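J.: Before I ask anything, let me first share the structure, which is written out below as structure tokens.
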Amino acid sequence: SLPVLYLFAEFDDAANLLAANPDATTISIDEPVEIPKNQHGRLQEPGREEDDELLGTDDSDKTELLAGQKKSAPFWTFEYYQTFFDVDTYQVLDRIKGSVFPVPGKNFVRLYIRSNPDLYGPFWICATLVFTIAVSGNLSNFFIHLGKPTYHYVPEFRKVSIAATTIYAYAWLVPLALWGFLMWRNSKVMNIVSYSFLEIVCVYGYSLFIYIPTAILWIIPQKVVRWVLVVFSLCLSGSVLVMTFWPAVRDDNRRIALATVGTILLLHALLAVGCLAYFFDAPELDFPAPIIPAQNGTTVITKSH
């Protein structure tokens, strides 16, 4: 029949082609054509994908271009602030992981923040840290004085407001001062890397995440353990800040660059030490001594600590 003759003719042509060129490749019309992996170019080269993320090339460039083409809403509308919270759970978790496990030599902004800084993660990290410090501080005070007959536990709700004022002021005012300083130095040294205010707030917000589990462990009434936790947390979160902001100031005057990084670390350490000293290492309180009536009608006051 005609289909059988056509099939034999196709096999005959393929046999003649293989005879003329043994290296030739035959493709059946019924099989899907696979694109060779080497045609993807440099995107498949080892190490180039990571470089693209760090340098902001290829996909990140397209993202920035599309972001620049978006019509920005007026700042008094809800849509304007909605863009600051346009992140998903995987992005937030990835940024938290990057702040807890910093990679040496990697820039946190280029590696995780890129062209999509958010306020969702920093806001809730600060809010969680506020309540964690306040609750843990009250529990620490309770466990320290537990068992004393004259002690009556009274929750100190004012610690919540004090912790909120301290943490949110640090998470906003310090990035604002740093952003203004970088802008000022950028006007004097043209090759200084400049970050936006939102990117700096994002870095500081995520760098505070390590203090949440640290504040929970501060309940342990051992000063040595607490100070070891402080040093460990400072090494992790401080390294994120140094690796992020050192490239922004290293081309400046050497003394100014070192002073800037030193100030960043000093303020970060003061926050941790101040929270530990105020909320957890409170001095021992002298409780009022019980009044014991004597048999002769007088009262005897016993002193207790």
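Placement of Cβ uses the backbone N, Cα and C atoms for every residue, glycine included.
Curation does not apply to TrEMBL; its annotations are automatic.
What TrEMBL records for this protein is below:
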- 31-60: region 'Disordered' (REGION)
- 48-58: compositional bias 'Acidic residues' (COMPBIAS)
- 100-272: domain 'Yip1' (DOMAIN)
- 119-140: transmembrane segment (TRANSMEM)
- 160-184: transmembrane segment (TRANSMEM)
- 196-221: transmembrane segment (TRANSMEM)
- 227-249: transmembrane segment (TRANSMEM)
- 256-280: transmembrane segment (TRANSMEM)
J.: Can you tell me which parts of the same chain pack against the transmembrane segment (119-140), counting only residues 6+ beyond its ends and a CB-CB cutoff under 8 A?
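T.: Tertiary neighbours of the transmembrane segment (119-140) are 84-85, 87, 92, 95-96, 155-156, 159-160, 163-164, 167-168, 171, 198, 201-202, 204-206, 208-209, 211-212, 215-216, 218-219, 221, 275, 279-280.
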J.: Take every residue in the domain 'Yip1' (100-272), average their pLDDT values, and give the whole-number result.
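T.: Taking every residue in the domain 'Yip1' (100-272) and averaging pLDDT yields 89.
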